[in-house]
């Protein structure tokens, strides 16, 4: 929450030695936050100035001492943390210098650490006339070098006026750069196109969101007609196209948490079907209904464990065939305009490969892949999560009721296959990495194969109705296999919806909850915390790790019968390890606490920084609700009688760096956060409040109201009796309740913001 800037460094990878920095882009938090829709632009790279590459904080106490004999400025330099590494060993040799006017003093140098503990007091004797000056006390941190000039590590500037106040000024201060302006190289170093968006919210206590949750729940379970206005329909009215996907995902998570995701989807789908007159356009727009169904099939939820709605099913069906395509790396092309004979392998010894041979070989391989995909899908009825099957059953029913004519017989199938094939399986085949089917994006050759298969599968999802009508006639060799699959696809869809509607609520443990689902797995290297230096190669063991919502376990191989396990509930921190701890990169530590309160640390090395980030994120997510999370940790290791980070000898000394338990990679496996999700919906409604008030609450002009009232009184009561008539717009009651909830939440936010300002008593020197 306290970040100040976001930097992107473009590197030149070197096989030997350290990578070279080409240039960087730095965006301040204010610059990102000022754009409601986020930044999306090209930015020129700037040169990297070492004096600007600072990080970390320093703990200081400053006091102005006055007596009859002398006036002095006393500065206690206590410690610093997370300093930038300036030496090749990944550490620094820091010392601190305090400066005011022409006075200065320095601390001692502490070798090889980024977390120095000085505990030293520096005093500067001042002249009486200096007390009236408006300057600043500067505290600089430097990395001492035996050869060459010292390296700058950051500075703090404290207004001298602050020191006249009591009590003494003490706290952690963010280190700032020298202040050199970054020079735009005019594009000579290159440019990056970046899309960056900052979402920063104050999340209120749960009790404040209950009225809004109640209105959203009421929308889908109340007995009123589905066409009546509700909080959900009003949200759809004020929702923008740009935010529709985020809102759809948020609503799916809210209703999953309430156990009402099937009624929610049925409510939206029924409205969508009822408002559609042409079956060919059904669910073809980016409506809230279509987006919600799409997100529902992708989302994973967590209630004491991870529960896969669609992603686990997707992996079971597609991963084997996707892995086969990546492993074989076949050159496949059907478009005559794109066939490149130079990229093909020689098929025979008779000479060069002809275009016809490439095409025939491509058709054969595509038919093989497509057959495997279709067979895997149509044979997966029992693997499909029951909650998804029930949602499709309801959708099938609504479409069949709306389009009951014989000529629309296929519409009920197309409605389901449109989501199942076009919005779920086909996108996963096209970009497997986005669906976590692969760790890396496909190369050019494999990517083309995946594109052709995705096109073919879309035709399967359309039940072959549009074959031969498009521009890509070169796909014709695949038409026979597509048409042959239509019958099996329809049979599959019939079996898919043949499920008891109550099965989800009757047996939730078997149907929805899967506590043993594996969140992440793979080979990693496990380090021993201690061991003889000369035998360090025996201190690293290659092990296969499994992470579930309940345990982190490992064994020698994936098939090994005996596993060692760590209960997730015992995890209290998951953090990176400094490179100099083991002289190895991409090492993380999992800190656990036993029943006696003793801390234990396991060090694990990943093969690259991306894998490191993924494992850090995954373990933090499954342990996010643990009660005994640590506020601090040691980024080094305790070796040879001291910590490699802060050089403290006591193994049990408090950690020298703050933990990062909330820093994770956002993806579909994120845990449910009812308060955060309801806050997102509140913000959408707040933006559309005026629109809702104007449409549902505000009455016509007074003159029109008066004339209407007179006319009604005359018609209803010919004897002249007085009657007060109140014009009520459709949906006015619901809108009034919704607007009241929005206003209450707005006032609650204002109250909490005011309290935060009142409680903030410290001087913010480095905002």
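Cβ atoms are placed via backbone N, Cα and C, with glycine included.
Feature annotation from TrEMBL assigns compositional bias 'Basic and acidic residues' to 708-718. For 54-173, the entry in TrEMBL reads domain 'C2'. Sequence annotations record features per position, and here TrEMBL assigns domain 'Ras-GAP' to 243-462. The domain 'PH' annotation in TrEMBL covers 517-624. Under the heading region 'Disordered', TrEMBL lists 699-718.
In terms of DSSP secondary structure, the domain 'C2' (54-173) contains 10 helix, 64 strand, 46 coil.
DSSP labels the residues of the domain 'PH' (517-624) in these numbers: 28 helix, 49 strand, 31 coil. The average pLDDT the prediction assigns to the domain 'PH' (517-624) is 86.
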